[in-house]
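Visitor: Feature list, courtesy of Swiss-Prot:
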- 5-67: domain 'TRAM' (DOMAIN)
- C80, C86, C89, C168: [4Fe-4S] cluster binding site (BINDING)
- Q276, F305, N310, E326, D353, D374: S-adenosyl-L-methionine binding site (BINDING)
- C400: active site, nucleophile (ACT_SITE)
Amino acid sequence: MARSRSRIDRTPFQTEILDLSHDGRGVARREGEGGKVTFVSGALPGEVVMAEQTARSRHFDEARTVEVLKASPQRVTPKCPHFGTCAGCVLQHLDEDQQIVAKQRVLMDNLERIGHVKPGTVLAPLVGESWGYRRKGRFSVRRVEKKDKTLVGFREQDPRFVADLSQCLTVIPEIGTKVEALSTFIESLDGKRDIPQIEFIAGDQAVVLTVRHLQPLSDADRAAWATFGQQHGFVIYLQSGGVDTVQPLDGQGVPLSFRLAPWDVELAFRPLDFIQVNAKLNEKMIAHALDLLEPGEDERVLDLFCGLGNFTLPLARRVREVVGVEGDAGLVARARENAERNGLANAQFFSADLTQDQRSTAWMRQGFDKLLLDPPRSGAIEVLQQLPLKQFKRIVYVSCHPGSLARDAGYLVNEQGFTLVSAGAMDMFPHTAHVESIAVFEKR
């Protein structure tokens, strides 16, 4: 919905916060505005705040907290000096234990409101380290003439702007403590205006920075990047266009992988591949999912949206056979290599667009005992509507968006005769409003 900025009234107003929205903002209903909903950034339920309007629309307004008049007992002092400007985090002002409670509430609300379902059991939330956990991400880069410097960081609350960061406390320290050094370094380059973003990713062996550049780098800049990488412990890759243009600066690069020790599995990946950002919680999540799936040693399991084999290969240690299906052909190729590297001949992989008709494919016609799926934010409704669901004794659904999970849960329960046995939130992204969750379904 389009926002109107022409009618914004900047006069601070007092309001009481009634709830927390799915994106981490306080929810208020303004008197004198017909009880119109206003989403207030930086405010918590139970608080009374002075707020300033930032956007208007027909059905709701938006505002930011100017002053807290009555604070929630759950309010804490944010640890990061950039909180409130940088949009990388939105919940640092809320007690950590209460953050996951809020996410659990968002999940249950979505299941009831969108899917019209309730889990038989609410699973205890899965939590881990809350600082220095993020091993993959993307920094925006922008030369700002008014500040006479190059900014490196996440977007601000107003996404038109890049946050001026000196550090990031949620990113692994190998990267998060060096944001200011990266900013200063890029400012010294000839091509400082031609770098729009830098992607970072860490494996067990190395930390890689992939530098997106719009113009060819000068020889001096290439040499400078090489020196910067050596000084700060980064392996530098360059990207001049699409994913297929990514090349190591030194022409050799470095092998990247991470180990899943509980299953004696090592997963190799490339600098722009998808991996779960939170390494420790990823291990907890895999163990949790496998426990909930209850795989038998003589069973065949289907793993949809399998990526590099994050769930597939640990499953292969537990079952007779597992089949992984993924839409990204490059990830499928690496999943096959990972299976071979780990000596797992009982893991098969197929490349398929799971939003399209797959009913005539070889993998779809195979028989399975159980299903595990970890779809993108859009969910899995297209493939669920094609699968012969009656064959699955149990389904474990890992979700990165509670709304799409709720929709798909409604389909499984209300149209396909499944029971939502249990569901719960997982705090993959502490201090953000992102809700990762898991749900278990059984055929009635």
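Placement of Cβ uses the backbone N, Cα and C atoms for every residue, glycine included.
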Visitor: Give the number of CB atoms, excluding that of C89 ([4Fe-4S] cluster binding site) itself, located within 10 Å of its CB.
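Guide: Summing over all protein chains shown, C89 ([4Fe-4S] cluster binding site) has 23 other Cβ atoms within 10 Å.
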Visitor: Among the binding-site residues Q276, N310, which residue has its Cβ surrounded by the fewest other Cβ atoms within 10 Å?
Guide: Q276
Visitor: Over the residue list Q276, F305, N310, E326, D353, D374, recorded for S-adenosyl-L-methionine, what is the maximum interresidue Cα distance in Å?
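Guide: Overall maximum Cα spacing for these binding residues reaches 21 Å.
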Visitor: Taking just the CA atoms, what is the gap between E326 (S-adenosyl-L-methionine binding site) and C400 (active site, nucleophile) in Å?
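Guide: About 16 Å separate the Cα atoms of these two residues.
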Visitor: Which state, by DSSP, holds C86 ([4Fe-4S] cluster binding site): helix, strand or coil?
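Guide: It is in a strand.
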Visitor: Which one is closest to D353 (S-adenosyl-L-methionine binding site) in space, judged by CA to CA distance, out of the recorded positions C86, C89, C168, C400?
Guide: C400
Visitor: Which one is it, among the recorded positions C80, C86, C89, C168, C400, that lies nearest to D374 (S-adenosyl-L-methionine binding site) by Cα separation?
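Guide: Sorting the recorded positions by distance from D374 (S-adenosyl-L-methionine binding site), the top entry is C400.
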Visitor: Which residues, sitting 6 or more apart from C168 ([4Fe-4S] cluster binding site) on the same chain, put a CB under 8 Å from its CB?
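Guide: In sequence order, C80, H82, G88, R134, G153, F154, I175, G176, V179 meet the Cβ cut-off.
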Visitor: Please report the Cα separation of C86 ([4Fe-4S] cluster binding site) and F305 (S-adenosyl-L-methionine binding site) in Å, rounded to an integer.
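Guide: That separation, Cα to Cα, works out to 31 Å.
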